[in-house]
């Protein structure tokens with residue numbers, strides 16, 4: 001694992017910790033920095049990070065805190081507090 | 001994902017946070033101390049890096065219950081980062097730790113910062129000083145001149161040349 005991938009993992013932890021502390025702006029800064037590192041180094045964003053960040057406002061999402069997770073037929077909908085929805089399928 | 005997996009298994013020696021990789025690694029979240037600064041009032045500030053910009057590090061300092069964030073310019077400052085446990089073990093395995101010091105970080109930094117000032121170009125050798133606590137936890141202190149960190153946070157990791165024709 002190279003430095004860039006490791007930085008992304010560290011930033012995920014930092015973003016989560018910042019959100020738990022209620023510091024959403026700082027969490028957004030960490031998410032944006034991680035996205036930038038991923039695109040500069042042509043790395044795939046880790047799935048856990050991809051699924052729990054908002055594509056519209058870059059917030060780190062914690063279900064029950066600033067995100068809502070609902071199951072529709074065949075897919076999961078994660079809604080951010082900003083109003084954006086993200087969907088991904090699940091297998092029964 | 002398959003690509004990333006293949007790469008990560010290929011070079012299995014982990015590029016963890018070691019004294020060598022620290023200037024290219026993530027600084028946010030690391031415990032830091034300002035060893036030297038052109039502004040004397042910033043010397044000795046101790047806390048965690050919370051925000052990094054091209055020219056500054058913002059350090060969150062805990063004092064009792066409340067916290068405050070101080071922005072320290074990279075140029076003109078010397079920082080001492082503390083790397084904990086697994087990273088310090090990796091540093092030991094790669095043979096970077098120059099010596100084992102039983103002193104407190106406060107007493108050891110006086111000479112350490114002098115040497116860092118002499119040899120800014122190489123952070124290695126001067127910087128890493130392994131430090132063992134009685135509790136058995138490993139902490140490596142790495143002293144880095146702030147001018148080595150002058151870069152956009154996302155681009156610090158890249159090692160390619162600066163050719164625009166990539």
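Cβ atoms are placed via backbone N, Cα and C, with glycine included.
The Zn(2+) binding site annotation in TrEMBL covers A:54, A:57, A:80, A:82.
Every protein chain considered, the tally of other Cβ atoms within 10 Å of the Cβ of residue A:82 (Zn(2+) binding site) stands at 12. Other than the site residues A:54, A:57, A:80, A:82, same-chain residues with C-beta atoms no more than 8 angstroms from the centre of those residues' C-beta atoms, the Zn(2+) site, are A:55, A:56, A:58, A:59, A:61, A:81, A:83, A:84. Here the binding-site residues are A:54, A:57, A:80, and the one whose Cβ sees the fewest other Cβ atoms within 10 Å is A:57. Classification of residue A:54 (Zn(2+) binding site) by DSSP places it in coil, neither helical nor stranded.
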